[in-house]
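Structure first, commentary second.
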């Protein structure tokens, strides 16, 4: 964002700010916005965000829209700027509790560098966090967002703290892996249900108690009941009619009688010489009868279930007190990720509208700009390649002409000498 409006660009920026203020005013009538950050005021973000000093070599963030974007101002965000670094930064807001209310955490992530290994998630903390000492050991309430490392890890974390212990979601949720900006949303409701959305589309939902191991199971196997002794749950059995062939048993190794004692073998020094052992080509391993379907198979025995005496419902799993800080505590091998459009609210509709008005309006132009840049880069590479081969051709032609000229001179000299 510019320091002051100048000309057409300044007026456009002023109109944008006014629209955002009007939108926030209209939204506030039906939604409580606890935190919202879009980095529209240039360098002033540094007054609101605190860099951790836990380690001297933590990576630094910079404000940028990246190499390609949908809007040079609206798409500005915090970008990791140094490879193979830990990053730790946070912003504080007025403390609140989500007890009895929906909690929505939303932001955009752009892995412009097409990250190979690194985090893109956020953490939510209580008000007592020491921001200048933020690290991976800091106690957090919620951890949410994408994490990518190699070909195996491409997931969205949903980790909720319960009784001072982090509980990760048991459902696999795949994150986006391209280089474009994507919108990530976590919704936690007072009825203890949750929903995860990517680009305003639901990708996972369920009940917190069912999908995270907060509590002991409601039901357990009845310890007083045992499986009947005549219950056969073997799917396959040995074929009683299958008999081991008489020529089956062969040793695994046999003596190589074709080998001869080396001429320089000294029994006194090396001991008595023996024929070496080699793998027996006739060896077929341990014989086992073939398997057939068990005619008495009755399936898996259904162990009767009873109420778990250790289970006690807790209807406050979803709620936290003194929510007051949002932070980025990540590791990245290849830097370049941009974080933007942070929002914490109690209104799902407001969050969806906010996503449509930010990410939704710039995602198309962002992709168009990236495609155009790729095409321009390909054209530059083509021109460079053509110039390279043209220069090679000219040099080759010059060498050929020079060679012909030298040949003509040699012929003249030879004639004169003759």
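Each residue, glycine too, has its Cβ placed from N, Cα and C.
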Region 'Disordered' per TrEMBL - which of 157-187, 188-218, 219-249: 219-249
Long-range neighbours of the compositional bias 'Basic and acidic residues' (219-246), counting only residues six or more past its ends (CB under 8 A): 287-294, 296-301, 303-308
The compositional bias 'Basic and acidic residues' (400-418): DSSP-derived helix, strand, coil residue counts: 18 helix, 0 strand, 1 coil
Shell of the alpha-D-glucoside site beyond 121, 123, 140, 147, 329, same chain only (C-beta within 8 angstroms of their C-beta centre): 119, 122, 143, 144, 145, 157, 159, 327, 328, 330
Longest CA-CA distance among 121, 123, 140, 147, 329, per record bound to alpha-D-glucoside, angstrom: 17
Cα separation, residue 121 (alpha-D-glucoside binding site) to residue 149 (disulfide bond) (Å, whole number): 13
Within the compositional bias 'Basic and acidic residues' (219-246), residues counted as helix, strand or coil by DSSP: 0 helix, 6 strand, 22 coil
Whole-number Å value for how far residue 329 (alpha-D-glucoside binding site) lies from residue 117 (disulfide bond) (Cα to Cα): 14
